């Protein structure tokens with residue numbers, strides 16, 4: 001039976017439960033334990049796939065094609081374990097499962113209720129996702145006191161009651177606000193948050209106290225006294241300059257030791273080696289170079305919509321001790337402009353998106369990068385914009401477009417995928433009338449790279465696998481015509497049916513590459529990703545006047 005650490009949050013949302021949980025997981029992993037993580041989200045959507053990026057932020061895609069909360073991105077950036085749809089559970093999915101069972105007659109005529117049927121299904125999902133690991137960390141979304149979270153909190157209360165403290169730990173993240181006028185930290189919100197938890201039968205074992213500054217020992221003792229938590233289990237989590245330094249901070253305060261002791265894992269663990277995290281922090285704090293990258297997107301007012309893209313760009317810089325400064329630009333604002341917003345930029349990235357708003361701005365951005373020899377990296381919709389740009393302005397296919405934006409286009413160089421093969425070999429189909437949710441080409445897919453191309457050079461191998469999330473794809477009817485006009489198709493699906501990567505010849509442009517996949521989902525601070533490392537390197541070379549630079553590794 002896998003020991004479980006349940007992570008809850010109180011007082012306010014967005015305190016960083018995911019970062020805190022992932023940081024602890026990375027320490028336990030460094031101590032030799034096999035670790036996994038899980039997110040329980042209280043919203044009624046089955047998954048975030050159809051939610052607005054402005055409301056929810058990024059939809060993070062796993063290898064098996066699950067559309068999940070962006071916190072799973074945090075988890076995979078901190079631990080080596082690759083997660084799946086089992087690791088992301090919503091209220092919507094729980095109710096969907098229970099109602100399906102009720103319709104089948106699985107409950108034998110019983111009245112289906114929150115307790116025990118909903119809570120049992122939550123516990124079943126937890127057991128399924130965590131089996132076979134030495135320890136699992138499970139984050140409960142939302143804030144204690146939210147009505148939506150109650151079934152999840154009741155389920156984890158039951159788990160603790162049945163398994164005991166040696167198999168279940170409660171960790172509560174709470175806010176200790178600093179009141180400038182009084183010049184002091186206030187512990188009362190934390191006391192009330194714990195009181196709320198205790199009212200539903202949960203006594204925290206550990207408190208993580210988020211604050212602008214370190215919580216002094218006197219305040220920690222006060223919190224311990226009023227919350228019935230051991231003083232050494234009241235952990236200070238002050239604001240820090242580098243988030244990837246959080247594992248080092250939690251290790252310093254001995255949070256991992258609390259877990260080892262409570263779960264009696266002493267015989268399984270070794271000393272924690274966090275040298276990789278120390279190297280990451282050092283690279284962030286002591287860069288040798290810096291570049292300015294423009295990100296031209298549709299949802300830049302809510303930058304969490306591009307969380308993995310921003311992190312992957314920074315990771316690409318870390319591998320070269322280069323600080324990456326991001327300039328966020330709204331694609332729609334560039335339509336019909338003189339593109340002066342892209343002056344003094346060392347590289348341009350156009351990320352994914354959906355719908356016609358801002359698409360012409362992305363096409364215009366591709367044209368600017370192509371004509372001005374600025375390194376260009378297109379991802380998903382950014383690749384489709386690059387293809388449309390090339391078709392219109394180089395291949396003379398006037399009014400070329402994507403059928404997503406113009407179904408009457410005389411040259412639909414981008415069209416709806418109606419059939420594709422999944423990573424498991426199954427064939428999936430869809431049409432214009434299919435539901436939006438869960439009907440895209442999703443998950444890890446292999447692709448073969450063309451020898452002698454930029455993509456093959458950057459990746460360093462012939463076959464690579466990337467995660468996908470898209471409905472539209474390069475129209476194969478235009479392959480030959482665009483290749484004859486000079487466009488290089490450097491990556492294709494293994495069955496040769498789908499175009500995965502396009503680029504410009506090196507004699508036409510120093511670094512212009514666009515891919516249909518989402519490589520940002522496989523980038524980590526410790527390893528980076530070949531495409532992002534190559535893109536940042538190209539930006540450095542542009543800044544240096546086109547000189548080849550020797551890569552400085554973190």
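Including glycine, each Cβ sits where the backbone N, Cα and C put it.
The region 'Amidoligase domain' annotation in Swiss-Prot covers 1-265 and rests on sequence analysis.
All chains included, 11 other C-beta atoms sit within 10 angstroms of the C-beta of residue 188 (CTP binding site). Under the heading CTP binding site, Swiss-Prot lists 13, 146, 147, 148, 186, 187, 188, 189, 190, 191, 222.
Under the three-state DSSP scheme, residue 71 (Mg(2+) binding site) falls in the helix class. Neighbour density for residue 71 (Mg(2+) binding site): within 10 A of its CB lie 24 other CB atoms from the protein chains shown. Among the features that Swiss-Prot reports, Mg(2+) binding site is placed at 71, 139, with the record citing sequence analysis.
Look at Swiss-Prot and you will find 292-545 tagged as domain 'Glutamine amidotransferase type-1', backed by sequence analysis.
Long-range neighbours of residue 384 (L-glutamine binding site) (same chain, six or more residues apart, CB within less than 8 Å of its CB): 378, 402, 414, 472, 474, 516. Swiss-Prot lists 353, 381, 382, 383, 384, 404, 471 with the feature L-glutamine binding site, giving sequence analysis as the kind of evidence.
Annotation source Swiss-Prot lists active site, nucleophile at 380. In the three-state DSSP classification, residue 380 (active site, nucleophile) falls within coil.
Annotation comment: Swiss-Prot describes 518 (among others) as active site. Following the DSSP three-state reduction, the secondary structure of residue 518 (active site) is coil.
Around residue 520 (active site), the same-chain residues at least 6 positions away in sequence with a Cβ under 8 Å from its Cβ are 308, 309, 311, 312, 351, 379, 529, 532. Taken from Swiss-Prot, the feature active site covers 520 (among others), and the record attributes it to sequence analysis.
The subset of binding-site residues (13, 188, 190, 222, 404) lying with their Cα within 10 Å of the Cα of residue 380 (active site, nucleophile) is empty, i.e. none. The number of other Cβ atoms within 10 Å of the Cβ belonging to residue 404 (L-glutamine binding site), over all protein chains shown, comes to 19. Close to residue 353 (L-glutamine binding site) in the fold, though at least 6 residues off in sequence, lie 297, 298, 299, 331, 359, 362, 380, 381, each with a CB less than 8 Å from its CB. A Cα-Cα distance of 50 Å separates residue 188 (CTP binding site) from residue 471 (L-glutamine binding site). DSSP assigns residue 139 (Mg(2+) binding site) to a strand. Taking the centre of the Cβ atoms of 353, 381, 382, 383, 384, 404, 471 as the L-glutamine site, the nearby residues of that chain (Cβ within 8 Å, site residues left out) are 352, 354, 359, 380, 385, 402, 414, 470, 472. Remark: of the recorded positions 147, 380, the most isolated position is 147 (fewest other Cβ atoms within 10 Å of its Cβ).
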